[in-house]
Amino acid sequence: MDAATLTYDTLRFAEFEDFPETSEPVWILGRKYSVLTEKDEILADVASRLWFTYRKNFPAIGGTGPTSDTGWGCMLRCGQMIFAQALVCRHLGRDWRWTQRKRQPDSYCSVLQAFLDRKDSCYSIHQIAQMGVGEGKSIGQWYGPNTVAQVLKKLAVFDTWSALAVHVAMDNTVVMADIRRLCRSSLPCAGAEAFPADSERHCNGFPAGAEGGGRAAPWRPLVLLIPLRLGLADVNAAYAGTLKHCFRMPQSLGVIGGKPNSAHYFIGYVGEELIYLDPHTTQPAVAAADRCPVPDESFHCQHPPGRMSIAELDPSIAVGFFCETEDDFNDWCQQVSKLSLLGGALPMFELVEQQPSHLACPDVLNLSLDSSDAERLERFFDSEDEDFEILSL
């Protein structure tokens, strides 16, 4: 059966392959497990991640648009999953676990409501699709990892409850000074609309070099998304070690990407296989609920997750990290610096203190798709025209 036409009712969970009996550790978003002694703990961790899949019969996007995202929304759903993990870490903590038919904290309900399939949910398929129009994507068009990262960054501005600082690193470069400035800023962190068009260049929505007067503002929790291309047609095997190490970091949010025909949300690895949640299941939309509890069983994957060889991964991906505090960010920087010492491993991105003079401010390049730079970046990172195929209905 084609993955695009699977429905929740036709799934048989016994058909999903269980974890292999191996002495190799299983890593799930910064947590290490033994499949020989902790299989239940592994599955509980996986089931606690929010699982967003294709849905049908939701209110029409834009009032007259699609009522289902089957066949085109897989990367949007993966973007929802990686961002939902950031909100779970922000409001519930990495060690929170979901239990079926058990009342959850109100903050869990608020996180879930932010992703429901309705126009007034901050990170709904409706909001992502309509915000994507401003990025040059028509509703129903397939997204690549970079585009969905840019859209989520813009939507996060409206999520005042979470108050996240979202940084999308470009040109394979993470600039520490830019991130510290962003996380210490109380100004809008996406879009230059808050400033006059003829003002100085802006980084992440505030003037370059602007630190603000007086005492430093409190650190805002950071969501760091890094679009990458790890090869031309295939992933360069030299990146495998550093990619796997990303899942071992406690700040890990996982990876969005996939392989020809589909996009997945990768949450860990075992041996040379990546572990992922698959959005290619069509479920009925959950009726909008303004109060807790939200019917939530279909938002949690209650069967063993998928696995695929790293060699099968499409080279166009986006890696995510969450740093609740500045100490978390400093620790992440130290870990990344140590990656360069791994024998035979190729760094996936560069970590620098200051913006290199030959690079433009990364967020300026994404304020408008009229910019030739933005178009260049989208062609480089979003390989939907060549490496991905839209699933046929």
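Heads up, the Cβ atoms here are built off N, Cα and C, so glycines get one too.
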If I go by Swiss-Prot, the feature motif 'LIR' sits on one of 168-171, 224-227, 388-391. Which? 388-391
Ten-angstrom check, please: count other Cβ atoms within 10 Å of the Cβ of S34 (phosphoserine), all chains counted. 14
Measuring Cα to Cα, how far is S316 (phosphoserine) from C74 (active site, nucleophile) in Å? 15
Cα-Cα distance linking C74 (active site, nucleophile) and C301 (S-nitrosocysteine), given in Å to the nearest integer: 16
Provide, as an integer number of angstrom, the distance between the C-alpha atoms of C292 (disulfide bond) and C74 (active site, nucleophile). 27
One should report the C-alpha separation between C74 (active site, nucleophile) and S34 (phosphoserine), rounded to whole angstrom, as 30
